[in-house]
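Structure first, commentary second.
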Amino acid sequence: MPVTKKSQILVVRGQVIFPFVPFSLDVGRPRSRKIIKALKTLKTKRLVLVTQKFTGEQNPEFNDIYHVGTLCEIDEIVDVPGVDSKTVDYRIKGRGLQRVLIEKFSDADINEVSYQLLNSTVKDEANVDRFLQRIFPEKEEIEQLMEGAEKFLELENISKTVNVPKGLKQLDIITFKLANLVPNTESIKQAILEENEIANRLEKIIQAGIEDLQKIQDYGRSKNKETEFDKLDSKITRKINEQLSRQQRDFYLREKLRIIREEIGISSKKEDEVASIRKKLDENPYPEAIKKRILSELEHYENSSSSSQESTLTKTYIDTLLNLPWWQKSKDNSDVKNLIKTLDKNHTGLDKVKERIVEYLAVQLRTQKNKGPIMCLVGPPGVGKSSLAKSIAEALDKKFVKISLGGVHDESEIRGHRKTYLGSMPGRILKGMTRAKVINPLFLLDEIDKMTSSNQGYPSGALLEVLDPELNNKFSDNYVEEDYDLSKVMFIATANYIEDIPEALLDRMEIIELTSYTEQEKIEIAKNHLIKRCLEDADLNSEELKFTDEAISYIIKFYTREAGVRQLERLIQQVVRKYIVAMQKDGIKQETIDVNAVKKYLKKEIFDHTMRDEVSLPGIVNGMAYTPTGGDLLPIEVTHVAGKGELILTGNLKQTMRESANVALGYVKANAERFNINPSLFKKIDINIHVPGGGIPKDGPSAGAALVTAIISSLTGKKVDPTVAMTGEITLRGKVLVIGGVKEKTISAYRGGVTTIFMPEKNERYLDEVPKEIVDKLNIIFVKEYSDIYNKLFS
């Protein structure tokens, strides 16, 4: 006995959905949108699709629809813009599973129906074979069809999802795929769908095909009679033959069509567009494959209705191909001296970075090849990565294109969307090439570390083809569908964190790290660039508003905490705005911004940099921290009280720093006698290590040497000079290991009033990154083992 089931129903207009056949539908009616919106939240996306009898009815009832439909699996739901900005329509893609008989609408929900599954039948196999042979005269063709249907079942896993008797599955697939090809009305297709018996279904398919063939034959026979149209046709033919002798057939037909329109007085904007495109193809050296593709699409465009969606989509595709640069090339400036001059003009500081950039580009300019690794500028926000890339483009006379990759999670953003999708377009790479209008621009791939993966694919994987010099001469965009040569493009990437760059991309990159600016560099940047830009934006000149070096330094120290200069620029803009208000309100004509004026306009200070203590106490030592905004002093406090030998860690210390504290204590215990500490003392006391600033998480191993020193100082009562700071990872054997952030730590220590720094010996090679004027004012002592520090401080 048939089983009645329930499902949501989607009523479609002008289309019959067959089982086993993929389909694509646009959903825009309010009732239908509601169904699809609810379906998006479900794991299994199935519903019944049925055709509406009368397309004009907006809210069809049970009698307005055919009662045989198809149970479908929805594979994809895409949001598309609605008819107005307040609505969202949908495009759905899926495939039919099995025919169903719709019994009634649900009483509780008009969008829900009761249905029964319909199975096909075979009454006479001889009839089935006879009809199949009418369509496919060769027996081998039928055998291949049956084998293909069986493979389709296996690949699509149909047998597990569709309740069809075993012997009928292949015949069902063949008949419904044939039915989908019938170029006929929906009523005839619906009749085919409703037919249960396979032989009868095949007969209807053949009949539908013959009817179309009959119309064509009837039309041909009617042309045998001489008519005025025939006479006109003969006249046109003679006229063209006089004008053209041995032209190609397609040109002959176009001329014929043009003269027909002249005879009846019709002019077409589309004709003008087509003529313009053909002229453009003739006059420009487009690649042959692209010319061929455009001409093919142009033929579709000519034959389509101007008001149809297909016409618009085809024209958009043609325009995309035409507007892409295929041969246009700008002339590069290969003068390395000009490159150095431009970088120095636009960027204060960053000497090592600029040196590496010049070395990297000098080779490429000499060889005229982009075969090396891609340059990737890595550094904190605001240190000038993007502006460096722009300066390189300026120096080389290259067109500059910036593509932001932050938050990109869909591979189609890089490769483009396939033309079958509504609203499809090329990916960001080819859209950037269209903006550049040349084949050799400079592409900035900004924030390459911010890409993410999702079920829409892996954009980082798509970028591999873009950046790999062995592959990018044949880059494939899903929308364009033709190979595009990116080998002449110079790519530069930027990132904030090197560890977030996908490994496969990292392997293809030349990493150039940008560190934070020093205070003096920030002052120079403000004087040479930021203040000038802020004054120009406010229509002021340097005579009306001036900034002293002390004022800029005060803003940097007490109102910003950043590696770059973005916040500094915002604060300068704020001062400028407040000055303009004062100028209009109080009649001020000019002003020099000093420290007092900064306090007046920016109010109370926001930050305080950590300064060394003025008085030394046992158990207090200056460590050195490296932060995303630069560096800072890291005071470490150790005290001990009577207890049971426990180690207490406070100050929001993370795992690595906690381990470092345990290693430091272990080293002190193992060498207690050497440090003049009674070993038995450790069992009688609890040691508390505290790092002030509990609201800020602290991590890393580089405070090891400072932790050992603070523990020894606390247990022996010996004080450490507050003008001393130290950094270095400690081991249980007392080795002082290399650390990072030498430049930032050294600058922050100097700013905090430190005069002597203990640093791992292997970090000496990084000291050239620190400004010479700071190094000259510090006593930097390089150590291999902790004993070197102990002998200097406590012996």
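Including glycine, each Cβ sits where the backbone N, Cα and C put it.
Straight from Swiss-Prot, the features:
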type     : residues                                                       : note
DOMAIN   : 7-213                                                          : domain 'Lon N-terminal'
BINDING  : Gly379, Pro380, Pro381, Gly382, Val383, Gly384, Lys385, Ser386 : ATP binding site
DOMAIN   : 615-795                                                        : domain 'Lon proteolytic'
ACT_SITE : Ser702                                                         : active site
ACT_SITE : Lys745                                                         : active site
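The 10 Å shell around the Cβ of Gly384 (ATP binding site) contains 23 further Cβ atoms across the protein chains shown.
Around the Cβ of Pro380 (ATP binding site), the number of neighbouring Cβ atoms within 10 Å comes to 19.
Per-site Cβ counts within 10 Å over the recorded positions Lys385, Lys745 peak at Lys745.
Spacing of Lys385 (ATP binding site) relative to Lys745 (active site) is 22 Å (Cα to Cα, whole number). Secondary structure at Pro381 (ATP binding site), taken from DSSP and collapsed to helix, strand or coil, is coil. Remark: of the binding-site residues Gly379, Pro381, Gly382, the most isolated position is Pro381 (fewest other Cβ atoms within 10 Å of its Cβ).
Residue environment of Val383 (ATP binding site) contains 26 other Cβ atoms, counted within 10 Å of its Cβ in all protein chains. Taken together, the residues of the domain 'Lon proteolytic' (615-795) have an average pLDDT of 91. Nearest to Lys745 (active site) in space, judged by Cα atoms and limited to the binding-site residues Gly379, Gly384, Ser386, is Gly379. Figure note: comparing Cβ neighbours within 10 Å for the recorded positions Ser386, Ser702, the maximum is reached by Ser702. Taking the centroid of the Cβ atoms of Gly379, Pro380, Pro381, Gly382, Val383, Gly384, Lys385, Ser386 as the ATP site, the other same-chain residues with Cβ within 8 Å of it are Leu377, Thr494, Asn496, Leu514, Ala563, Gly564. Ser702 (active site) is 21 Å away from Gly379 (ATP binding site) when you measure Cα to Cα. Checking each of the binding-site residues Pro380, Pro381, Gly384 against Ser702 (active site) by C-alpha distance, the shortest gap belongs to Pro380.
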